[in-house]
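Structure record follows, encoded as structure tokens.
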């Protein structure tokens, strides 16, 4: 329940019984004449004039793990578009998310009194949920584009007999691409072997570099998001995100800002820097954002940024929030929400700060010169603010490629002992195997064991291997999750997926293997 509260749960409603729309295990398109909650065309990208961006949802018969996945997938839509979701009240048109025979959805608005969207067995991943919701929002598969023959070849002889309709094109008379290029990275694209009869691939990319890319199931791609925003007339509010252009320089001490804070451009590859090499102990200088207003009722925000500390160990980087009572309040009330000090860093470090603002606010970065000599200062880059919960535990491994290749097979890096919000003690580790690595979570003895429920069932853990793209709205991270459950008589839960495999012992550990990547930042929540 606590997890649901933090993520602004979409709620559960009355049970509605549905029959499967198709044989289990098949992702299907159910053609519609409308985008969801809008009169328009039946197309991959509908042309619209006016549309509601609030989608009504209703959940029944959804597993605990799937429910957590769905909530996080909805957060991705909120983060990357103007689409929002609410529990059904008395609306006639709404999406009913259920566990039926497979992963499927209608395309666009089709059915009154509960339009089914199935998240069945093995469908509980963020990418699959995004895929099915995009169907409901009006998207066909990418390889159904009317211009697809310029980019892929469909090998009809390799398709299972009777499944050829899954590769039909949608004509330009009933669809539009909104001027976006064909997207091999789309979460709506089939993989190369979809519906194959054993004689080889069913889709061949004209550009061979993308043959093993199509069918990715990480997250919505950049062009998926761009098309969604064009479809629903979304104008992404830049004030939701921090960028160099939203900062002002404030001079509050003897340090001269024009020589202290260096704002080097506004494009990728630039960062902000404050030097502590000059000035007196206690001198400060600040960067502050524009005023921003929380959009969600749950009042959860996470500030994410990278920093590099090259100054004296007594130098301090303070992170403040200034909240305003109303529009007339020009001063606001300031409180400290984070602080970085200590030894220099050898690499850029990822940092998160929870805000929990309920009123309009500003975030202020304040660098304070400490005692002693300094030849550097603080640098800050890739600043993002988003309205979801911060990860509970980040683990950053620098020079990951070198560490992976040079480590003894089976060697591990452990996190420190952590406590969940309920008081369960745990740690996690990265296990190195030369060409791939494993992630391991283990429950430990803790200070509150005598007050807790055992065995530890019905809890969910998320791993996120963080995409390094600076803008969080364009990131496509690898995510995996598991939920402890008592359904297996052996006391264990086994979960598999395309890229990772793992096994859970309910009272000891969770292990998941992932293939080799070049650099690694792991977020645990």
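Using the three backbone atoms N, Cα and C, a Cβ is placed for every residue, glycine included.
Keep in mind that what you see is a predicted model, and the values were worked out from it rather than measured.
Per TrEMBL, the features are:
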type     : residues      : note
DOMAIN   : 37-235        : domain 'Peptidase M12A'
BINDING  : 131, 135, 141 : Zn(2+) binding site
ACT_SITE : 132           : active site
DOMAIN   : 265-392       : domain 'MAM'
For the domain 'MAM' (265-392), report the average pLDDT of the model, please.
90
Using DSSP, how many residues in the domain 'MAM' (265-392) fall into helix, strand and coil?
0 helix, 60 strand, 68 coil
Around residue 135 (Zn(2+) binding site), how many other CB atoms lie within 10 A of its CB?
26
What DSSP gives for residue 131 (Zn(2+) binding site), in three states, is helix
Measuring Cα to Cα, how far is residue 141 (Zn(2+) binding site) from residue 132 (active site) in Å?
10
Within 10 Å of the Cβ of residue 132 (active site), how many other Cβ atoms can you find? Include all protein chains, please.
24
